[in-house]
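Copied from TrEMBL, the annotated features are:
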type: DOMAIN; residues: 4-273; note: domain 'Tr-type G'
type: BINDING; residues: 13-20, 81-85, 135-138; note: GTP binding site
Amino acid sequence: MSHLPRLTFAIISHPDAGKTTITEKLLLFGGAIQAAGLVKAKHGGRGTVSDFMQMEKERGVSISTSVMGFDFAGRKVNLLDTPGHADFSEDTYRTLTAVDSALMVIDSVKGVEERTRKLCEICRMRRTPIITFLNKLDREGKDPFEVLDEVERELNLQVTPLSWPIGQGQAFKGVYNLLEDNILLFDAHATDLEAKMIDGKDLDSAEVKGHIAEHLLTKLKEDLAMIRGVYPTLNQADYLKGTISPVLFGSALNNFGVRELLNALAKYAPSAGAFATEQRLIQPDEPTLSGFIFKIHANLDPKHRDRIAFMRICSGVFEKNKLYTHPRTGKTYRTATPLAFMAQSREATDKAYPGDIIGLHDTGLFRIGDAITEGERLDFKGIPAFSPQLFRRILNKDPLKSKQFNRALTELSEEGVIQVFTTYYSKERLIGAVGVLQFDVTQFRLTSEYGASCSFEGVDFNIACWVSSPNKEAWDRFFGFYENKIALDSKERFVFLATNRWTLERTMEDHPQIHFAFTSEG
Ligand code: GDP
């Protein structure tokens, strides 16, 4: 095929590790933007309803940064933005179902943090290959060996460094490239994008000594001996299986190490891969089109109040004006204006290939997880609902608007804004989320779009998991015992609600024949 191979990835990190900075610098080094400072500022917005309204206004901007596309080293790069701050929500998780690899950014001062842990877990579950970037080496941080130990221990991910820092903080002198045996020199005052590189094969050479102090060289020699003894060399197959992560070091703020990072992504990261469906495995080189919806954005343009569904192309070629099938409803689907995402703009596209993300105008047809095909029935796996961590009881405050209230809950749950559960016996509505802003957004949209109103009450549940059992007797016993802790999700699947992890574990021990799953797919 004549199109460039795709490199479709997302960045996973904890807030403040440097995701926005790195995104911007990747675009800069990728030639997609001419100057830094263009990627939307994410600071200031800290998760209140007014921020959400502000977000709505800025949607025109944020949508264009949802997927950033540019060409680099013979590949078309699609960098998918993952909501990272207070707007953290299931969207972040779902975005990871649409990529072929991930870039994990870790703050070298803070090490492995909570959000990284969660996102890495999703990648591990899906065996997504991960390249790691240890950022902020210009600050006094933890010992790099210690951070890598944390990654291996806490994220259960083997690592292999491709570069190694020389000094840190004030004394940060650069990184040693372990594959090419050269040294990239750090200069905090440099204004060029290109750092100076010197040969590092002989660490006693006059050139090396001219740039790096004796004690740092001694330490580097010790480190290199240790690295070569401790870490395996990079095996591409293991990286692609998601069991080993190549690691690079740098300082995104100072443009340092970013080109090397982009080169490593272009060299190692997989192009569009196969996708599992209930029916069969879809290969990217199949001639017929298939793709799935992983995210829906509502009300992008306040004048039109439309929705945009984001589709990941898995096989075939998407063409505008061609007639496709929406297998869930059996309807046909055609669009004259699919959107492709290039950095800083949305552009209309004529054709899109496996690995690409396109935006489809939606008048209410799509739900998260829906497929588009050329007629075949496909149910994509791995676009699950994730076990929510926050719950509220939602009450309809205006009985005259119960129709609007119910419609809002159905549609917001289809869009993936929240998960809706109905308790089995008392028929109460509970909503579940992974980020607290999801509740604010629900309330805001319920009022502004549906004319309904709601209030929330706290509930005593913190964990939901999907339960099933092939053993009817065991199931009946379990059900009888916990009838007031069972609810149905929007697809009428049984969910067990637990107060905390301890009670959940006790329940699991007491009922070994019941299967407990933490995603709706488990
Ligand atoms: P995000 O929350 O992960 O998107 O992180 P940002 O990119 O917004 O960065 C958080 C803060 O860390 C900002 O103040 C950045 O300027 C700063 N920062 C990012 N990269 C570096 C770096 O390499 N060195 C230092 N010292 N600060 C950095």
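Each position is counted from 1, following the chain as shown.
Note that Cβ sites are derived from N, Cα and C of the backbone, with glycine treated the same way.
Here the binding-site residues are Ser13, Thr82, and the one with the most other Cβ atoms within 10 Å of its Cβ is Ser13.
Taking a Cβ distance under 6 Å to any atom of ligand 1 as the criterion, the binding-site residues Ser13, Asp16, Lys19, Thr82, Leu137 reduce to Ser13, Asp16, Lys19.
Note on the domain 'Tr-type G' (4-273): its mean pLDDT in the predicted model is 86.
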